[in-house]
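The motif 'HHHGHXHX-motif' feature in Swiss-Prot is assigned to 248-255; the stated evidence is similarity to another entry. As annotated by Swiss-Prot, motif 'XEXPHE-motif' applies to 373-378. Among the features that Swiss-Prot reports, signal peptide is placed at 1-28. The topological domain 'Extracellular' annotation in Swiss-Prot covers 29-155, 206-221, 371-394, 443-457 and is backed by sequence analysis. The topological domain 'Cytoplasmic' annotation in Swiss-Prot covers 177-184, 243-349, 416-421, 479-489, and the record cites sequence analysis as its basis. The transmembrane segment annotation in Swiss-Prot covers 156-176, 185-205, 222-242, 350-370, 395-415, 422-442, 458-478 and is backed by sequence analysis.
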Amino acid sequence: MKRLHPALPSCLLLVLFGIWRTAPQTHASSAGLPPLSATSFLEDLMDRYGKNDSLTLTQLKSLLDHLHVGVGRDNVSQPKEGPRNLSTCFSSGDLFAAHNLSERSQIGASEFQEFCPTILQQLDSQACTSENQKSEENEQTEEGKPSAIEVWGYGFLCVTVISLCSLMGASVVPFMKKTFYKRLLLYFIALAIGTLYSNALFQLIPEAFGFNPQDNYVSKSAVVFGGFYLFFFTEKILKMLLKQKNEHHHGHNHFTSETLPSKKDQEEGVTEKLQNGDLDHMIPQHCNSELDGKAPGTDEKVIVNSMSVQDLQASQSACYWLKGVRYSDIGTLAWMITLSDGLHNFIDGLAIGASFTVSVFQGISTSVAILCEEFPHELGDFVILLNAGMSIQQALFFNFLSACCCYLGLAFGILAGSHFSANWIFALAGGMFLYIALADMFPEMNEVCQEDEKNDSFLVPFVIQNLGLLTGFSIMLVLTMYSGQIQIG
């Protein structure tokens, strides 16, 4: 038997080893996959983000953004002189400068390989991951931030519309004793509560904490309003049921000690009654007769219970508040109302100005809430000024003058929001809105319904209250959810 050449077994082993080595590559080729190599990953990155085997600064930024590298700062910032701390998050422009490249340079495959250790170091240090979300929010804020012309223009427009509400008081004086006036006033008070409360929940307070609608806080804020509305609805239903059940156990005396105003009510209750629908008790009866086109009877008595805080002196014999009077004859309450309204309107303007520096829709939402709150307040304030001794012209002038303080607050709000953080202003306005809605206007809404409840008319005011609350809530909810999708101008 002829012996095999000694080198033949070695050759066979080499052939078998070669077939075994090429089998994975043949399988990969048959599967349509490129052969793996050190450059495969680089080629994949270049094909995904680059063009013609090169990367521009914009294309590199896209890659770095996907890796959360270089997004902690402005990506076109210039490198600073001096030693660098490697734990700092560098921008893509800084990385270009570190490799002696300009912002208009293009890097090839060999240059990109030099970037890999830098990118890996940035990923390993995690210097940019904590700043990524804040940077994206800042970029979105800068892109959607209104210009100075838009801020001042929209701000002055909204404040002007709100201030004009102070001039509407004279137009409703002849209708103060009408039933529809009380119904309309009740609706606007409920609307003001819904808008103020919802604006604080959906926009002002979340903005003070730095939230945005993408943080899914809107649904939780809606649940907060739902809890408030649930207890309001339940309380009203229980009161109606208990009233009907206990009605036959009590007499029908409408002049009990609970309904008669106390001395404190006579001195301080004028402010509390500015929208209670009982405005006929705040105006002398003979003046109401003249407003209705009737001459006062000789046996009519002048009701001055709510006017006891002023020194009427000898003015009870005529409608002195329809004529011009000296400022010294005007009651102190009128000046207190004017000053407090001026401060109130200043804070309103502050909130409007700060809101417009963030976004147009933020400013519009705040303006809508303030408008719904100012309309019923201005009507009531006008009546208070009349009862304090002012003429119609004087009441209109000082009511409008206090409303113009909103312009001053607007200017301060815009300047503060443009140069400083507006979060503190939003926090202040949010607390103020909650107080006005729940502690001020909510009791007024209940007082308006007292006369209807005495007359066993529960359903109509209850429906009006619900319509006002839900309308205000819906307006603020829609403005919050779709503020980023609707474009103005």
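Placement of Cβ uses the backbone N, Cα and C atoms for every residue, glycine included.
What you see is a predicted model, and the numbers here were worked out from it, not measured in a lab.
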**Q.** Most Cβ pairs under 8 Å with the transmembrane segment (395-415), selected from 185-205, 222-242, 350-370, 422-442, 458-478
**A.** 350-370
Q) What are the helix, strand and coil residue counts for the topological domain 'Extracellular' (443-457) according to DSSP? A) 11 helix, 0 strand, 4 coil
Q) Average pLDDT across the topological domain 'Cytoplasmic' (243-349)? A) 52
Q. Should the transmembrane segment (422-442) and the transmembrane segment (222-242) be scored as in contact, given a threshold of at least 3 Cβ pairs under 8 Å and pairs 6 or more apart?
A. no
Q.
Should anything in the same chain at least six residues away from the transmembrane segment (222-242) have a Cβ under 8 Å from its Cβ atoms, list it; otherwise answer none.
A. 197-198, 201, 458, 462, 465-466, 469-470, 473, 477
(Q) Is it possible to list how many residues within the topological domain 'Extracellular' (206-221) are helical, extended or coil according to DSSP? (A) 10 helix, 0 strand, 6 coil
Q) Counting each residue once, how many in the topological domain 'Cytoplasmic' (177-184) are helix, strand and coil under DSSP? A) 6 helix, 0 strand, 2 coil
Q. According to DSSP, how is the motif 'XEXPHE-motif' (373-378) divided among helix, strand and coil residues?
A. 6 helix, 0 strand, 0 coil
Q: Would you mind listing the long-range same-chain contacts of the topological domain 'Cytoplasmic' (416-421), meaning Cβ under 8 Å and 6+ residues beyond its ends?
A: 148, 151, 350, 353-358
Q. In the topological domain 'Cytoplasmic' (416-421), how many residues does DSSP call helix, how many strand, and how many coil?
A. 4 helix, 0 strand, 2 coil
